[in-house]
Structures are given as structure tokens and as C-alpha cells.
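*Asks:* Sharing a structure here in C-alpha cells format.
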Amino acid sequence: MEPGDAARLGPGRVTRALPPRMWLLLLLVGWGLSAGALASSSGAAAADSSAMEELATEKEAEESHRQDSVSLLTFILLLTLTILTIWLFKHRRVRFLHETGLAMIYGLIVGVILRYGTPATSGHDKALSCTQEDRVFSTLLVNVSGKFFEYTLKGEISPGKLNSVEQNDMLRKVTFDPEVFFNILLPPIIFHAGYSLKKRHFFRNLGSILAYAFLGTAVSCFIIGNLMYGVVKLMKIVGQLSDKFYYTDCLFFGAIISATDPVTVLAIFNELHADVDLYALLFGESVLNDAVAIVLSSSIVAYQPAGLNTHAFDAAAFFKSVGIFLGIFSGSFTMGAVTGVVTALISKFTKLHCFPLLETALFFLMSWSTFLLAEACGFTGVVAVLFCGITQAHYTYNNLSVESRSRTKQLFEVLHFLAENFIFSYMGLALFTFQKHVFSPVFIIGAFVAIFLGRAAHIYPLSFFLNLGRRHKIGWNFQHMMMFSGLRGAMAFALAIRDTASYARQMMFTTTLLIVFFTVWIIGGGTTPMLSWLNIRVGVDPDQDPPPNNDSFQVLQGDGPESAGGNRTKQESAWLFRLWYSFDHNYLKPILTHSGPPLTTTLPAWCGLLARCLTSPQVYDNQEPLREEDSDFILTEGDLTLTYGDSTMTANGSSSSHVASLSLEGSRRTKSSSEEVLEHDLGMGDPKVSNRGTRLVFPLEDNA
């Protein structure tokens, strides 16, 4: 049919044919409608797919939340069971197993159940190769069909263990991030050690404690490190070393395993009231050597010699590491002390004591923030929070209200108890749930021998040299007990688990875990028989002095000629502490607390305005005489009396309206049990000891 011709399309109907352009238009419209229908169908399918993905994601998040709740509930039930069993043990007077050992046993049982009693779930897909990259990324963005997903680094997996990666999601949930231990669990443990420190007995033995903590830890670190380097060489010869293990790794292991934690022994000492000096030596060493061990390990990690061989000895790098050790320790110490001083000033010059809840909350936050502030500034939070606790106990505690004193003591005691038992429970759990264990029998046996020799090499020689300057010697039974009490615990575990990326660190972690198990169970359980076998006296209250032997006090200086000029006194603390005690008592205590002598009596006359501003009104008005619960430092209440004006103030801030020599009837004071019991000639030939009207009244011991 030609264009323009008529065509009969039906009975009685004739139409004209459409032009070609109209046919083309109709064809395009049809295609458009078909494409729209297809696009609509494809969009609906995509929407359904996206909805399914969102639903799957929500279900996965809900399942993850449920597993998180179950894992936390597991640890809470472990702690609950531990507490109930502790009560039973205390009720039955069972001492062969401490609460920490009990928590580890329960952790082991739960770890076995989770490892072998829960079904495995497939949480890993096939491995993807990234051969073009030559380094490891901590965060990875993956493009999957136009959608980007973020993945974080969990750690390295050796090729031989690629097919045996743990498929149980529950086991991965109960494996905590190591930073949880450092930032959440360790601060209350370390702070409580400083805040509850029995300062009087600690400072009596300060010289010996510092020697054991600093020199002893360094000696132990290098002896263990060198012995373990020999063990590693032996393992390489016999073919039991499958990866690199450098000398610096051995020194690092020596540092972390030198951190002692005789919590079991000290708990038994406290329960049996063992000898106060032995308790002070062990407790003081364990408190300080944790701080020394962590700074020492950081210095070893920072050791970077010049040249291609980064593990060879380099004198410049060695001295740089020593400088880093001193810088980190001193900086952390300063930061902790400054935070404590700031808290003391806030509590003194504000009315927070009228609101005990706010006062306790501020105290808690300031104390905890010390740890995080030190870590953020590149220092060590353990050292900072330890000395913050000591400073808070010495200064801030005096400014708190009665309610806040009780609350802060109980709060940190409970946090310390829960955190410590949580860590020991996790230790038992980690033996079966940790996915990177490296068990080496030669390394483990060598480590046990090395820590025994390292402990002996610093306890006995240091005790010998310390006894040369001590009036009351550290006896052989004390030395044997200190040697026996070198348990490893929370700090060694936390340092070991913090970095398990390499083969060497994984072997260290496994060995540290086994050492903690052995020392807590075997050595901790043998503490009571050892006390009996070594004939160490028990039944002595750790908060009290040894049996007294002096019944009189004498006034060293008076207003009249009858003053006892030229008398000498024996002070009951280490000489190192006595160097600054007078400065602390006359200046720091009055500035930072409501106790001590008024600054108007100790500062020069031209500082009168400043002295009146900084001195608390309670000192003048005697409205709120404060005393320290822990028998403050050198002398007990009434031992040191300061007289100003017409009133007398004792070292704890209490006052009276007359000056008189003090006497204790029916009791006698003992000669000090410290190595630094020295006689000092007050006044250097001049019997008068005065400072702008201030009179010192000391107790005198019988020289006979």
C-alpha cells in the first residue's frame, strides 16, 4: 500500500496509512514504556534487597548485643561465685587457697566449657589477597558492589594456623581488648595501693623498699633477660624456635615478669597479723616495683640503636633508654603528685565538704583522670596514679568530710577487690579462650628457673648490703620469706597481654600465664606453713608499733633554763624521708590542708599577708581538728607538738591552751625497727630549737 492510498480495514471502514515518522514515534513510546516498567521492576527488587540487608544487619547487631550481655554476665557470675566461696573459706578458716587463686580456678572451668561445650559458628569467609600492599593497615575500607565497609585489624595469623582460626563468636566476645585492663581495671588497683598505704611503717623502711624496688627490679630484669637469651639460643639449636626472638625481647620478658604481686601472701599476713616490718617490706616492694617494671619495659621497647641491625648493642641507644626511663618515671611521679595537690587545694578552698556526694565524685574523677592524663601525655599512668594515691591520702584526705572519707576508702576498696578478682578470673578463662598461645616446654621451664635465680640474686645480696647500715637487721627468716613471696600477678599479666602481635610476645604471654598460675596456687598456698617453718612472729597488729619500751617524753626546748639542752632524739623513719619531713610539716601541710601550724608562725614576717590567706581558719579557731587515720609518717599523735602564741598544736592539728611536756604512763615505746634509726643532735650544739616562737616537743627513748 502506497502512502496516501485508501485501504479497507473493515466492513464499511476505510482509513489512511500513517506516515513513517508516526510509526517511529509510536515505536519510541513503546520502548520508553517497556524501559520504565523494567526500571520500576529493578528498583523494587533493589529496594527489597536493601530491606533484606538492613534486616540481616539488625539481626546480627541484636545477636552481637546478646552475646556481649552473656559474656559480661559470665564474669559477673564468676565474681559472685568467688565471693560466696570466699565467705565459706573465711568461715571455715581455710588459708591454703586465696580468693585470687579461687577466681582463677573458676575462670579455668568456664574457659573449658566455652571452649569445648559451645557450638562453633562460622564467622569467617574466604580470605582475600592484597598482594599489592606491602604494609598492614589498622583500618580498611572495602568496596563491595558500591557499598563501603570498614574493617579493623585484629592481629596477625600465621599461615599454618589460617585454617584453624577460631570460629566460635562467643570465644571472641570473652576475649577483651588489652586496653580494657590498662584503662579501666588497673587504675583502681594501683590507686588503692597508694591510698591505703600504711605510711608509718612504709617510711620507716623507705630506704630498703627503694633498694628492693629499683635496684632489685633492675637486677632481676637483666638476670632473667640474659638467662632467657641463653634458653632461646638453646631452643634455636634444638630446632624448637620457629620465628625470631631477639635479645631485646628477652629483656622485655625480664622486665614484665619482674613485677611481683604477692597479694596472696599479704592477705595472709594481714589476717594472721604477721611482723609489721616484713609486711611493710613486701608491700612496699610490690607497690613500687610494679611502677618500675612498667617504666623499664617501656624503656626497653624504646631502645633503637643506629644502623641496620636494630637489635645490636649500642651505647648511645642504651643511655638514651636510661634517660627515657628517668624521664618517664619522674614525669609520671610529678604528674601524679601535682594532681593530688590540685585536688587538695580544691577541697580546702571550696565548700565541697558541705556536699559529700559532690566531694566524693570529684575525688574519684580527679584520681582516675590522673592515669589517663599521664597516658595521654606519653608518661606511665601506673606510676602517676600510684603517687596520686599517696598524695591524696596524705593531704586531700584531711580536707574531706567524715562521710567522704568513709566513702572514698570503701569505694576504692570495693573497686580494687572487683577489678583484681576480675583479672584473675580472666586469666583462667584466657588459658582456653585466647587464640594465639605458643606453648614451648623449654622456654617455660627456663623461665621458672630464671625467675627463681633472679629473685634470689637481688633479695640476698641487697639484704646483705642493707644490713650493713641497719640497726635492726633483716634476718635470714625474713629474707627467705621475701624470696618465697615473689608471686606474679595482675601487673605481669596486663603487661604481657598488651602486645601479643608477634611470635615472641605470644610465647611470653603464655609463659607468664602459667607462671602466675603456679605462683598463686603453689606458693600462695604454702604461705602459712612457711611462716611457721621460718619462725616468723604472728599476732602483731599491722597498724600498731612493735612492743613499746619507753614510758616518758621529754621537752627538748623550753622557755626557761630548765630546758633539756643538748638532748638527742631517735626518729623512727628513713633518713631520706626525714630530709623533707620538717618542710612538709611546717609548710606543705598548712598550705594544702586544715592541719599543721599556722603559716604565720613558720613563714617570714614579710609573707604575713600570704600566710594569712593560705592558712585555714580551722587552725586558729580549732573548729575542726583533723587527724590522719593511718598514723601519720614518723611520729604518732602527740609525739610532735608545736607551740605558737598561747596555744599548743600537735602534729595532727589538735590544740590546747597550755604547753606541757607529755607523758605516757604504763606504756613504753620501742626502739625503731628501721635500718635508719639515727640519732640527730637538734640544734647542732645549740639546745634551742625555735622558729619564730615555735616549740618542738619530741619523745625521747631511753638510752640505757
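Just so it is clear, glycine is given a Cβ too, placed from its N, Cα and C backbone atoms.
What TrEMBL says about a protein is an automatic prediction, not a curated fact.
Okay, these came from TrEMBL:
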type	residues	note
COMPBIAS	653-665	compositional bias 'Low complexity'
COMPBIAS	666-683	compositional bias 'Basic and acidic residues'
DOMAIN	82-533	domain 'Cation/H+ exchanger transmembrane'
REGION	547-569	region 'Disordered'
REGION	651-694	region 'Disordered'
SIGNAL	1-39	signal peptide
TRANSMEM	70-89	transmembrane segment
TRANSMEM	101-118	transmembrane segment
TRANSMEM	180-197	transmembrane segment
TRANSMEM	209-231	transmembrane segment
TRANSMEM	251-269	transmembrane segment
TRANSMEM	323-349	transmembrane segment
TRANSMEM	361-394	transmembrane segment
TRANSMEM	414-434	transmembrane segment
TRANSMEM	441-460	transmembrane segment
TRANSMEM	509-534	transmembrane segment
*Asks:* Which bits of the chain, at least 6 residues beyond where the transmembrane segment (323-349) starts or stops, bring a Cβ under 8 A of a Cβ in it?
*Replies:* 291-292, 295-296, 298-299, 302, 359, 362-363, 366-367, 369-370, 373-374, 377-392, 394-396, 399-400, 592-594, 616
*Asks:* Would the transmembrane segment (441-460) count as touching the transmembrane segment (209-231), if touching means at least three Cβ pairs under 8 Å and pairs must be 6 or more apart in sequence?
*Replies:* yes
*Asks:* Can you work out which residues elsewhere in the same chain, 6+ from the ends of the transmembrane segment (414-434), have a Cβ less than 8 Å from its Cβ atoms?
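*Replies:* Tertiary neighbours of the transmembrane segment (414-434) are 75, 78-79, 82, 99-101, 103-112, 114-115, 171, 174-176, 181, 184-186, 188-189, 192-193, 263, 489-490, 493-494, 497, 509, 513, 516-517, 520.
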*Asks:* Which of 70-89, 101-118, 361-394, 509-534 shares the most C-beta pairs under 8 angstroms with the transmembrane segment (180-197)?
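*Replies:* Per the Cβ count, the answer is 361-394.
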